[in-house]
Amino acid sequence: MNQEEAIFRSADMTYVQLYIPLEVIREVTFLLGKMSVFMVMDLNKDLTAFQRGYVNQLRRFDEVERMVGFLNEVVEKHAAETWKYILHIDDEGNDIAQPDMADLINTMEPLSLENVNDMVKEITDCESRARQLDESLDSLRSKLNDLLEQRQVIFECSKFIEVNPGIAGRATNPEIEQEERDVDEFRMTPDDISETLSDAFSFDDETPQDRGALGNDLTRNQSVEDLSFLEQGYQHRYMITGSIRRTKVDILNRILWRLLRGNLIFQNFPIEEPLLEGKEKVEKDCFIIFTHGETLLKKVKRVIDSLNGKIVSLNTRSSELVDTLNRQIDDLQRILDTTEQTLHTELLVIHDQLPVWSAMTKREKYVYTTLNKFQQESQGLIAEGWVPSTELIHLQDSLKDYIETLGSEYSTVFNVILTNKLPPTYHRTNKFTQAFQSIVDAYGIATYKEINAGLATVVTFPFMFAIMFGDMGHGFILFLMALFLVLNERKFGAMHRDEIFDMAFTGRYVLLLMGAFSVYTGLLYNDIFSKSMTIFKSGWQWPSTFRKGESIEAKKTGVYPFGLDFAWHGTDNGLLFSNSYKMKLSILMGYAHMTYSFMFSYINYRAKNSKVDIIGNFIPGLVFMQSIFGYLSWAIVYKWSKDWIKDDKPAPGLLNMLINMFLAPGTIDDQLYSGQAKLQVVLLLAALVCVPWLLLYKPLTLRRLNKNGGGGRPHGYQSVGNIEHEEQIAQQRHSAEGFQGMIISDVASVADSINESVGGGEQGPFNFGDVMIHQVIHTIEFCLNCISHTASYLRLWALSLAHAQLSSVLWDMTISNAFSSKNSGSPLAVMKVVFLFAMWFVLTVCILVFMEGTSAMLHALRLHWVEAMSKFFEGEGYAYEPFSFRAIIE
């Protein structure tokens, strides 16, 4: 199909209406999603999301999406175990890749409601089984971990008791029993508890070992009598065993020591294997605590619980308990292995179906979300939206073919509607122009049929960047980086990209042109890594004889063929010359950029057939701009082209000339050309006349036309309002006639009945005050912007100067020092060269290419968004976003 380019202006759009029977509503909607040409308008804006027709279906697929997400989490959770069972290589030895989600969504055939219901039932059953097996597996692992932990605690504590049998003895001692009764009756006040906890967490206090009492271990310096006393006094019924995190052992010991006033024996043993706690493995210690009295025993248990420790009961028959635990562990391990194998088998089946389920769920949700925008009727739904005019025939033919496959009992009505509603803006782009169009769209979407600022941006954006970045070496590095992205765009396009890299990859063609233009401007500036190139013969000749320390002057012998003469580099007045050149070049570039941008406003006015804007805005604005800044630009070129040395005259200063043109009209300090005073007065008067012209003509003309009955034309747009468009619609209607199941309504017959519902109506009553205020703001803004925007282009000179000076400083600090060694052949000098070169290259790429490049790019954005686009860009449109399954992936 021969499509309209739609680059200079947006594509022609047509408003259409579809009446779709309920029996085929899903199938037709799927077809529209695959065609990606129909921008659906919301006909139910007055309804909330819960009042729309397909809210129950959306809720259902929200639940299905949750199930698919859970299944995906379970598959990823057990990916390491199931990976070895998944087929990764086909019969030919090629890797089997996972199906791409975008391809699945675009290529999957529409499913019937019966198939969708079967798939949803299958997802529900799989989710239920996977959830049950996964929860059972986690529960079994937790129980197995508890048994292993319990066995380790019993083993370690029993071994300790066997080594110290007297500690667990049950000998009686009247004094100890009386002490136990006293402790049981002991009660602590809130102040005592606060003081005890404060002491417990004060690690500067004396430790149990410092006090000479029983701490973590039985101290070596204890006497036999003391140890015997302990063995007789501490009872087995006041023993607590358990486990706790290794990081909390010392905290537990100190808290209990302070809280029980030293009335305990505490011993801990490390557990070698990490144990599962929640979803992570942690290192733990088992402990054994001896105390006396039920009250202290309860306090110990509460402290252990507060620190998330586990208490394990230990009786005298530890060997029997260990045997019982071993049998339980073996039985539980067999059950766990069986459950795990069953789950992995289930996940293998789910793994193959997950991409299809996910694609189906996303697509069904997207379809029902779109169906909620349709207007419901008794036997069908009405859909309205915008279609590119060049796609109408394609849309009709596709609907015709599809309806024929379904049978003649179904009919879809296709109406082309006249409307004054503002159509969406649609610029056809490719992978090269897309990034440049995105630069413009980021600032604002062009109004329908407005000049596309993105077309000129393809050239002006990289060129403005290159003027500021102008270095052949740095530009070549940037060009190579972008070229690498371009040559490997298929590889990088398929991989997952982070946000930073995605921006660079998306703008790879912008970076490519930025680098190429920078190489060109680097040749113009004769600058490569802050050094000059002797490509051609210099136009200056230095004297052959001179004395050391003497200032010498070069004689001009010709004109350098291309760019700046390398003889200027390194001279005392080289910076003065380059500053003057780049400053004037910035003014010329700004004048050219703003002038052609302002010309676009004339094309916009002409396209809208708005004579009042051409006469009242464009002409006075153009005269005002050219009278001042056009004259300044001409004076710069004239001053450059005139041989002032031959005329034996000093070159006049243009800054003073421009200032005197306003402050002292007719006064000339240094004459630039004959008749200069009279011409400047005429230009100044022309600029002054343009101000009231710009201010008053449009409001007064609109007021006069309104009084005479010539105003009141609606601001809206008619999509088939011109002859060519009507002929095209007639041709499309004729081509669509004669097939069953598709009805093309007459355009004129539906225009009157539909126009009110979709159109914007006519313009309101004329308000001279509003128009006048708007024009006053426009006049002040335009006049001030002409001055400020011209000065803003001096950033081209400023950034170019900063870039050149920074590059020169970096060279002098690194490479220049590397080759200034006295012993150039020594190993130290060689190492110095290698190190300083690496340092220079890294700093060049990081600072001069990345950082300075980013700065220059942002300034180039500013020059386009503000200085250039403000001259013509309205930006009151909205983007054309067709109903497309590609939007699901994006």
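The backbone N, Cα and C atoms fix where each Cβ goes, glycine too.
If you look up Swiss-Prot, you'll see 1-450 (among others) marked as topological domain 'Cytoplasmic'.
If you look up Swiss-Prot, you'll see M1 marked as N-acetylmethionine.
When averaged over the coiled coil (113-154), pLDDT in the model lands at 91. Taken from Swiss-Prot, the feature coiled coil applies to 113-154 (among others), supported by sequence analysis.
Summarising the annotation, Swiss-Prot assigns phosphoserine to S223 (among others) and lists a large-scale study or a structure entry as the type of evidence.
Sequence annotations record features per position, and here Swiss-Prot assigns phosphoserine to S228 (among others) based on a large-scale study or a structure entry.
Feature annotation from Swiss-Prot assigns coiled coil to 297-347 (among others).
Taken from Swiss-Prot, the feature transmembrane segment applies to 451-469 (among others), supported by sequence analysis.
Sequence annotations record features per position, and here Swiss-Prot assigns transmembrane segment to 472-488 (among others) based on sequence analysis.
Residues or ranges marked as topological domain 'Cytoplasmic' in Swiss-Prot: 489-502 (among others). Mapped onto DSSP classes, the topological domain 'Cytoplasmic' (489-502) shows 10 helix, 0 strand, 4 coil.
Residues or ranges marked as transmembrane segment in Swiss-Prot (evidence: sequence analysis): 503-532 (among others).
Here Swiss-Prot flags 533-580 (among others) as topological domain 'Vacuolar'.
Swiss-Prot lists 581-600 (among others) with the feature transmembrane segment.
Sorting the topological domain 'Cytoplasmic' (601-618) by DSSP state (H, G, I as helix; E, B as strand; all else coil) yields 15 helix, 0 strand, 3 coil. Sequence annotations record features per position, and here Swiss-Prot assigns topological domain 'Cytoplasmic' to 601-618 (among others).
According to Swiss-Prot, the transmembrane segment annotation covers 619-639 (among others).
Residue counts for the topological domain 'Vacuolar' (640-682) under DSSP (helix as H, G, I; strand as E, B; rest coil) come to 19 helix, 0 strand, 24 coil. Among the features that Swiss-Prot reports, topological domain 'Vacuolar' is placed at 640-682 (among others).
Residues or ranges marked as transmembrane segment in Swiss-Prot: 683-702 (among others). Beyond its flanks by at least six residues, the transmembrane segment (683-702) meets 612-613, 615-617, 619-621, 623-624, 627-628, 631, 661-662, 665, 711, 766, 768, 771-772, 775-776, 778-779, 782-783 of its own chain at Cβ-Cβ distances under 8 Å.
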Helix, strand and coil residues within the topological domain 'Cytoplasmic' (868-890) as assigned by DSSP: 8 helix, 1 strand, 14 coil
Winner by Cβ pairs under 8 Å against the transmembrane segment (581-600), considering only 451-469, 472-488, 503-532: 451-469
Residue counts (helix, strand, coil, in that order) that DSSP gives for the topological domain 'Vacuolar' (533-580): 10 helix, 4 strand, 34 coil
Beyond the flanks of the transmembrane segment (780-804) by at least 6 residues, Cβ under 8 Å: 464, 467-471, 474, 525, 527, 530, 578-579, 582-583, 585-587, 589-591, 593-594, 621, 624-625, 628-629, 691, 694, 848, 852, 855-856, 859, 862-863, 866-867, 870
Same-chain residues near the transmembrane segment (503-532), Cβ under 8 Å, at least 6 residues beyond its ends: 431-432, 434-436, 438-439, 458, 461-463, 465-467, 469-483, 485-486, 489, 492-493, 497, 562-566, 568-569, 578, 800, 804, 807-808, 810-811, 844, 853, 857
Non-local residues, at least 6 beyond the ends, that sit with Cβ under 8 Å of the topological domain 'Vacuolar' (640-682): 584, 628, 631-632
